[in-house]
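Heads up: the structure comes next, in structure tokens.
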Amino acid sequence: MIQSGFVNTDPGAYSVMFCKIVWFSLYPIRGLSSWLIVLACGDRYLSSSTSATKRAWSTVRVANRIIPLTILTGFIIYIHVPIFFEISIIPATQQPICYAPGPPGTYRLVLSLFNLIYFGLSPSLSMFLLGMLTLRNIERSKRLLVAPLNNLSNQHNQNNKQINRHMLRMLFLQVLMYCVTGLAYSVGAIYTAIRTSQPSNVFQVAQYNMITVVLGLLSNNGPCLSFYLFTLSSGLFRKELKKLFTKFNPTANDPQQIQTRLHQTGYIGMTTRHQ
């Protein structure tokens, strides 16, 4: 499957069955990586709602049903891939190839437009909308709480505002990352679909292949970059990440435990030297 993303190393160029199976697997997986996060955003929206009816939908039982249904739907949506994908011949080089964006022609253009909507625009807009609705639910929940006006409550409100700012920043970064990586590949596929329908020389074919490979790698690695963006841009995320690591080793930051270990190490070293 890894070789299928590179030129002249694709086993699918010599086996039509392999060509169909690989892209019928990769396309749904790429789309589901975005839509499963949309489901998580929807769960956060439902769980933060002030309505008991909506909160009742945020349960493990519902998730156990919706997630398999979403995965099944993701594969059904791309059922056309094993039907239309074929091994093509590059006119300029007369070499066989299993095109990642689909065989040249109308189908490739339609598939590129579909991908533009399916994992380029729709997941990003859904994440953004559900994220904003979740923040609105949180603000509404705070208004329902009656708290005394003192320094402690003021400090608590300031902390909540700071957390909301961090969450908004992380939300915008995640939506931007999914939008850019998803749109870049889809737009590039549309461009190459239009250009490859015209006569091309060897140099132009190499350019189109390079565009497809680079944008494909960007699209596949884009969802993995959210972690690094959150770490670099949000102090709250770094703080929670540190808590997560120290949770599995609670004595790592305990000064008394550290001093005890140092004392034991020094004692063992002195004993060794005397021997």
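Any Cβ shown, glycine's included, is placed from N, Cα and C.
Just so you know, TrEMBL annotations are computer predictions that nobody has curated.
For reference, TrEMBL has these:
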DOMAIN    1-230  domain 'G-protein coupled receptors family 1 profile'
TRANSMEM  21-41  transmembrane segment
TRANSMEM  62-81  transmembrane segment
TRANSMEM  116-135  transmembrane segment
TRANSMEM  171-194  transmembrane segment
TRANSMEM  214-237  transmembrane segment
What parts of the chain pack near the transmembrane segment (62-81), using Cβ distances under 8 Å and only residues at least 6 beyond its ends?
20, 23-24, 27-28, 31-32, 35-36, 39, 43, 102, 118
With pairs restricted to those 6 or more apart in sequence, evaluate whether the transmembrane segment (214-237) and the transmembrane segment (116-135) have 3+ C-beta pairs under 8 Å.
no
Across the domain 'G-protein coupled receptors family 1 profile' (1-230), what does the pLDDT come to on average, as a whole number?
78
Spatial neighbours of the transmembrane segment (116-135) far in sequence, C-beta under 8 Å, 6+ residues away:
30-31, 34-35, 37-38, 41-42, 44-45, 48, 77, 164, 167-168, 171-172, 174-175, 178-179, 182-183, 185-187, 190
